[in-house]
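Annotated transmembrane segment per TrEMBL: 20-41, in sequence order. For 47-57, the entry in TrEMBL reads compositional bias 'Basic residues'. Residues or ranges marked as region 'Disordered' by TrEMBL: 47-75. What TrEMBL records for 84-192 is domain 'Restriction endonuclease type IV Mrr'. Taken from TrEMBL, the feature domain 'DNA topoisomerase type IA zn finger' covers 232-267.
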Amino acid sequence: MEYLSMLLASNAIEFPKLPFGPAVSWMLAIMFALSILTAVVDKATRQKRKRRKRSPAPKKAVTTKRTSSGPKSDEAILSAPFSDLSGAEFERLLALYFRDQAYTVKEVGVGGSDGGVDLVIIDKRGEKTAVQAKCYSVSNKVPVQTVRELVGAKRNHDCILTLLVTTSDLTGPAKAEAEQFKVEYWHGALLEQKLRSWGKWQPGKKIGRQEAAAKSEIRKAQLEVAAASTSITCGKCGAPMVRRKSKNGEEFLGCSKFPSCRQTKPI
Ligand SMILES: [Zn+2]
């Protein structure tokens with residue numbers, strides 16, 4: 001520092017002779033240096049931004065939906081048969097149901113990667129239940145692994161009680177496991193009964209306008225699955241493909257393991 005001031009005092013650093021003193025010259029020099037620095041920084045950030053634009057974030061795995069429409073509104077969920085609901089929409093239906101039964105509901109597993117628990121429902125006493133929801137076709141029963149996952153994951157959510165809700169049923173081993181680990185479960189018929197007595201769930205709403213022969217879209221879908229089994233197997237998991245109809249009325253082949261496998265194929 002002493003050296004620098006000595007230099008300054010002795011005027012050892014020569015500036016071009018300008019009509020102002022060394023102090024002003026120094027200021028100009030500093031300003032000049034600063035302007036270069038800002039220009040460099042500016043350019044660097046612009047390049048960074050460009051690079052970010054060129055390499056967009058990796059896309060999330062695209063899940064094939066059965067229909068082209070986006071996620072359903074709550075109203076649409078309440079008037080749709082199970083067979084028209086995605087896993088997330090089914091979870092939403094249950095969330096709406098439990099909320100009306102005076103539970104506080106946390107939707108913890110929104111959209112698939114649920115780690116065994118989809119909802120945590122909390123009753124008035126503060127007792128927490130871990131809920132796993134499986135929207136399966138009737139022929140596709142919930143396997144024992146699902147029960148184990150739920151039992152294993154309940155502690156992550158600070159729950160003691162567990163409830164497995166499915167539109168189909170549990171396999172034999174799954175039932176045995178559920179009884180052993182005190183997992184309460186609602187199979188399809190029990191679930192339907194509970195939802196109907198709730199009153200807000202009216203999957204027949206739209207059907208009123210349709211022909212009288214179509215009493216229940218669910219029944220129709222079940223029959224369709226049974227009748228529509230094809231010899232074509234799923235390219236992804238090897239299960240047989242079944243004929244399905246989209247809401248637009250277009251027929252297509254869908255994996256019978258839906259929704260755990262969402263493979264589809266045009267007919
Ligand atoms: Zn499949």
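Just so you know, the numbers here start at 1 and follow the chain as drawn.
Using the three backbone atoms N, Cα and C, a Cβ is placed for every residue, glycine included.
Across the domain 'DNA topoisomerase type IA zn finger' (232-267), the prediction's mean pLDDT works out to 88.
The domain 'Restriction endonuclease type IV Mrr' (84-192): residue composition by secondary structure is 43 helix, 27 strand, 39 coil, according to DSSP.
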